[in-house]
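**Student:** When I checked TrEMBL for this same protein, it listed these features:
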type	residues	note
ACT_SITE	GLU97	active site
ACT_SITE	HIS152	active site
DOMAIN	34-271	domain 'Endonuclease/exonuclease/phosphatase'
TRANSMEM	15-33	transmembrane segment
Amino acid sequence: MHAQTQTDLLKANNVFQLFLSAFFLSAVTMKIASFNIQKFGKKQSIVSRYDLILILEVVDSTESSIKIFLDALNKSRKNTHYTMQTSTRLGRTVYKEQFMFLYRDDVVKVVDSYQFDDVLTQGKDVFERDPYILRFECPDSVLEDLVLIPVHTKPEGSEKELDELYDVFQHVKTKWHTDNIMILGDFNADGSFVSKKEMKQIRIRTDKNFHWLIGDDVDTTASNKNDNSYDRIVIYGDDMLEAVVPNSAKPFNFQTAFKLTDEQALKVSDHYPVEVDTQWTAWFISASLKLR
């Protein structure tokens, strides 16, 4: 009886350890997102969900609203600290936008940046807003480094811009000798902007080494007037795919999460953030597996 009790306790302990291992492996992640924000305001509760977030459609030429937002974000999160890095103002017309990256500086570190210029690199002007590309060191992630290529296409030129991203990818891969690359942002890759036929001509779509984590049937808009999949996250290669937590790529419905009315939600943005989790630390995984 005593021996049987010990056996049962041992089995129960093993099951509990397996549960703990699975829990920690799923809970400890690096959360990355892209968000096309309508206007800056009290968005800290959304942005603070993420370790690293790309903010699109930043139009304040003085950058005063950005600095106010960053200050408010850091005051709201006493145990974490965010840093920002922004592109120059981009666009062919008087209307300009910036790409802005907000990131926890205890989680990632910017080790290089690069303002892509398609005229200089490719000899043709395709992008309305050339990607401002950052390379991050991720010391506590299974990804030692990570390159983010931000996208906000001009709706009328989405197909050409999306196809051109293949050349951007190849250029960055050669320049930095890494294929730990994530392309994310507002692709405008749905509705009247890009047809299903046109999608089949886009090289980052036809090359099976690219993985589109946000599917064509996923609504990334906060508007009730459409259910388009404008915002996407695309990664390259099996190593990147294995680093992603399964089923973690999705829009974050802030309207439901914060119980907002339609009107209140649209004041935040007509887009939902799209997010993905990557596995946290190789040493942590090793330590967790030893529990088995």
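Going from the start of the chain as shown, residues are counted 1 onward.
Glycine too: its Cβ is placed from the backbone N, Cα and C atoms.
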**Student:** Look up HIS152 (active site) in the DSSP assignment and reduce it to helix, strand or coil.
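**Tutor:** DSSP assigns HIS152 (active site) to strand.
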**Student:** Report, in whole Å, the straight Cα-to-Cα distance of HIS152 (active site) from GLU97 (active site).
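**Tutor:** Cα-Cα distance, GLU97 (active site) to HIS152 (active site): 9 Å.
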**Student:** Applying a 10 Å Cβ distance cut-off over all chains shown, what neighbour count does GLU97 (active site) have?
**Tutor:** 17
**Student:** Express the predicted model's confidence over the domain 'Endonuclease/exonuclease/phosphatase' (34-271) as a mean pLDDT, rounded to an integer.
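**Tutor:** Averaged over the domain 'Endonuclease/exonuclease/phosphatase' (34-271), per-residue pLDDT gives 93.
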**Student:** Across all the protein chains here, work out how many other Cβ atoms are within 10 Å of the Cβ of HIS152 (active site).
**Tutor:** 25
